[in-house]
């Protein structure tokens, strides 16, 4: 801590982590490490496969490659430190690292939310506007949608970062989590945080609920179009929509549980946060590829070519 005026300013935060028991920490370390050794290379393989295979040039695969890359970035924010902290008795994070972690979590998380909305629009154009699909979803439009997703995420991250960076921290510095959780962090501030909490709730909760509602409506519309399609078309629509709907619930379920409540303590928050920040993001691209024959066969060709 360092003196600033007549009060002390917190320069680091203490993280209580996932468990205080050494044996449990070791079990968690090997479980998470095993998960990353399997799933992380799979996401990298998805990106490389789509980049190298000329047959996978449709907008759907372009968005999928960007989603896999975004999830790799997102899962590089908290898990490395979480794994390292499992070996430490006293887990700390500096004030600067905490603010950086906070920014990148919300930046990349919001960018992924917007990207999933772009993917929903792509499916809508492919199914409902099939005659004009090549014009509606050309490469320039796809790049613009991806760029807008990253820009929207960056703006959201800046908003959360700006609201937090001005808060004074001068007393307790213990966070009962494995990362800089925004809910607990704001509660430690030595100031009236009602306005900040309200703005953060509007920035997080309302955006999450609106995106979730819009995605559900869009996929409901797509499924209602089934009766106008051939048998082969119905099968393709169902396969695509089911993958998207699974990912939407996998991502938005924990996000709404954590952020959509106006700064209330929620039960099992730490467990839900593990799935939301560590497990689910890396599994999202896998869910898409498991139901897609073209990319699975292309991945195997790439693996056989280099091994």
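Using the three backbone atoms N, Cα and C, a Cβ is placed for every residue, glycine included.
Where the annotation comes from TrEMBL, it is an automatic prediction and has not been curated.
A quick note: this is a predicted structure, and the numbers were derived from the prediction, not measured.
Listed features, source TrEMBL:
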type	residues	note
DOMAIN	42-288	domain 'G-protein coupled receptors family 1 profile'
TRANSMEM	26-48	transmembrane segment
TRANSMEM	60-79	transmembrane segment
TRANSMEM	99-121	transmembrane segment
TRANSMEM	142-169	transmembrane segment
TRANSMEM	201-225	transmembrane segment
TRANSMEM	237-259	transmembrane segment
TRANSMEM	271-290	transmembrane segment
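The transmembrane segment (201-225) is not in contact with the transmembrane segment (26-48), judged by fewer than 3 CB-CB distances under 8 Å for residue pairs 6 or more apart in sequence. Pairs of Cβ atoms less than 8 Å apart link the transmembrane segment (271-290) most often to 60-79, out of 26-48, 60-79, 99-121, 142-169. Across the candidate stretches 26-48, 99-121, 237-259, the maximum count of CB pairs under 8 A to the transmembrane segment (60-79) is reached by 99-121. A mean pLDDT of 85 is what the model gives for the domain 'G-protein coupled receptors family 1 profile' (42-288).
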